[in-house]
Amino acid sequence: MCTGADIKATVGDVSNDGNLNTAQEECSRKGFCSMRHGLAFILQLCNFSICTQQMNLSIAIPAMVNNTAPPSQPNASAEWPSTDTQDYWNETLKEFKAMAPAYDWSPEIQGVILSSLNYGSFLAPIPSGYVAGVFGAKYVVGAGLFVSSVLTLFIPLAANAGVALLIVLRIIQGIAQVMVLTGQYSIWVKWAPPLERSQLTTIAGSGSMLGSFIVLLVGGLLSQTIGWPYVFYIFGRIGCACCLLWFPLIYDDPVNHPFISAGEKRYIVCSLAQQDCSPGWSLPIRAMIKSLPLWAILVSYFCEYWLFYTIMAYTPTYISSVLQANLRDSGILSALPFVVGCICIILGGLLADFLLSRKILRLITIRKLFTAIGVLFPSVILVCLPWVRSSHSMTMTFLVLSSAISSFCESGALLNFLDIAPRYTGFLKGLLQVFAHIAGAISPTVAGFFINQDSEFGWRNVFLLSAAVNISGLAFYLIFGRADVQDWAKEQTVTHL
């Protein structure tokens, strides 16, 4: 972490615009050792944990419905006689796998189970976003992380008890996860300087892609060796451990943080001095309903998350069924698009802030350009995907490119709500999550229906529909999207409501 003397020297007197710009340039160069970037990396870890809990069922479900005999161990061939240690290890693995039951779930039932995480999520985003915005995000996010992590540990027991109980548990878990994903954005209202907003939020958000990469990388291996229940046991415990880091180190306001330097605290406060970040108890609901820029973001969220949830839920199934990969290889291959996406999310945030700080492009141009890139290219790639299914290398290349390019949306429309109404960040993020989870509840179910009807042409229809939805949302956003603070989000407007 930077010392207080270092930052004090770089910030200096930031009461005038010239000194503030100089301070911003200096802090931008030294920012990664700052407390605000430390906060971003802690949030990255929390998002990592939440995403592993969202994804673990997607990678485990091929093993949960596969009732075939366990594959032979690679060292147990006739030419390489197994040693006593290897025999003991193989017997131990068989005992573990014998404890992992398999279930007779049709593709439609699988789609319902995968979608159930989003069924209860319509209720939680708006209240949790509002509460986090007014009272602070620390305890809202921490409580959601803890509840979701504990419930993850009980998924194997719920699956044994029946589909109905598993769906109920997943619904409650989805509500807890929404508290984390929604509430965290209220923190950035008081922690993120305007010229660092994209990079800080994308660093934190990249944890989701990193979590997807890790759970897909090791989830298949765990399912194939010691059994699918350990996918839930391991990542549930990691989430509980994250809670021990969250509560003592996270504060809603840099003014109250015990470890932040005086220089960095002054820099953050001064950089946000021109922005009205104070949350309001009253909400200009009527003005929000009439706001086309807000509707542009809402529609964009729905459309982009339609594709996101389809890919997140069905990438392992697509690779295992179409490419005929085993569980271990399916997990490794499914992880590749997400690790590339994790890197590209951060790079996209850095590029967006660079273009803005150097005044190369206006903020609205950056948001629309990044959204267009993140929607058009992945849509075209996914439409072409069924025609290259005969080539494993081309299929994986297309999946990786789609994930990498779509990550540009994180610095585009998906971040735009922070620009148009910073004082209502928590509430708006909750509202946006409702639209995202509506898409998440519908898209995997629709995908499961198409695949169940026709396994060959079903995938083509899934990708065509996702591309059509995505491009429709882009067109609406390009027409009506804005990046300036809306009149209804300004303090003088709210006082008249």
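A Cβ is built for glycine as well, from the same backbone N, Cα and C atoms used for every other residue.
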Range annotated as transmembrane segment in TrEMBL, from 39-61, 131-153, 154-176, 200-222
200-222
Using Cβ atoms and a strict cutoff of less than 8 Å, what residues sit near the transmembrane segment (369-388) while being 6 or more residues removed from its termini?
300, 303-304, 307, 348, 352, 361, 394-395, 398-399, 401-403, 405-413, 459-460, 463-464, 466-467, 470-471, 473-474, 477-478, 481
Paired segments the transmembrane segment (457-480) and the transmembrane segment (332-357) in contact, 3+ CB pairs under 8 A
no
Spatial neighbours of the transmembrane segment (292-312) far in sequence, C-beta under 8 Å, 6+ residues away:
54-55, 58, 118, 212, 337, 371, 374-375, 378-379, 382, 402-403, 406, 409, 413-414, 416-417, 420-421, 428, 431-432, 435-440, 442-444, 447, 462, 466-467, 469-470, 472-474, 476-477, 479-482, 486
